[in-house]
Amino acid sequence: MAKRIFLFILTNLLVITTIGIVLTIITSVTGVGSYIQNGRIDLMALLVFSLVVGFVGSFISLGMSRWMAKTMMGVRVLNPKKQSLSYEEQQLVDRVHRLSRAAGMTKMPEVGIYHSPEVNAFATGPSKRRSLVAVSSGLLQQMDDAAVEGVLAHEVAHITNGDMVTMTLLQGIVNTFVVFLSRIAAWVASRFVKEDLAPVVHFIAMIVFQIIFSILGSLVVFAYSRHREFHADRGGADLAGKDKMIHALRTLKSYTGHVNEEDQTAVQTLKINGKKHSSLFSTHPDLDERIRRLEAK
């Protein structure tokens, strides 16, 4: 569980930490924009600093999302204009594009396959016009056509719902609180040591508290991730039909054990299939609950 949490928050944490350290060094050297003056903390200056670091960090992560997913998951993008595709690959591209057009998209998402025995798929990208839908080789091997259709419709719904942008805004708010609170906590900690040790203690405490608050903040992100899955299920049902969407979820349930727990879970929130049992740290709600809600639709 600790590894899953760590991998999920790693990219975002590294970005905001790097930006925060760079800005802290700049303000320390130049004195411009410093939120600590004469040993006292300027809360308004710190809030502005936190907003800049928090939202810049989250939008950098958003901009990198498609490239990062391709790199970390080893996604092979299928482009009929530049390469010869097999019948199965061409059929996958055609299905994604057909569902995308049905959803009102004018710019078709990239379509890719990543090699993994897990039965899974994900969608990502900074915008509807720069999106990616990728499926695992295990999904194509194990699922029938109706189930694949339901999964792809679910992923297209994520794109048209703008889930990545909404997630970025939420992450920006979480980041702001993480940066703000971690620096206040670090400042308080530095007050309990000798003056010559205060800068070192402040820096170390800032990093430690930032990690702790990031883990706590991830609970909010995970909760939203679970919430958005229900919306994507409904959107998938509208595109592919309720029966296909329910069939896809039931098929996923039978292959839940094939989810790769050692995979690069920094993209775990993007996937359709999560762990079998839901918890506070789950990115996906329980599959039985997802099926129940669709059946009641």
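Including glycine, each Cβ sits where the backbone N, Cα and C put it.
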Please pick, from E229, E289, E295, the residue that Swiss-Prot records in the Zn(2+) site together with H154, H158.
E229
Residue among binding-site residues H154, H158 with least C-beta crowding, 10 angstrom cut-off:
H158
Once the DSSP letters are reduced so that anything not helix or strand counts as coil, what is H154 (Zn(2+) binding site)?
helix
Looking only at residues six or more beyond either end of the transmembrane segment (169-189), which have a C-beta under 8 A from one in the stretch?
12, 16, 20, 35-36, 41, 46-47, 49-51, 53-55, 57-59, 61, 201-203, 205-206, 209-210, 212-214, 217-218, 220-221, 224
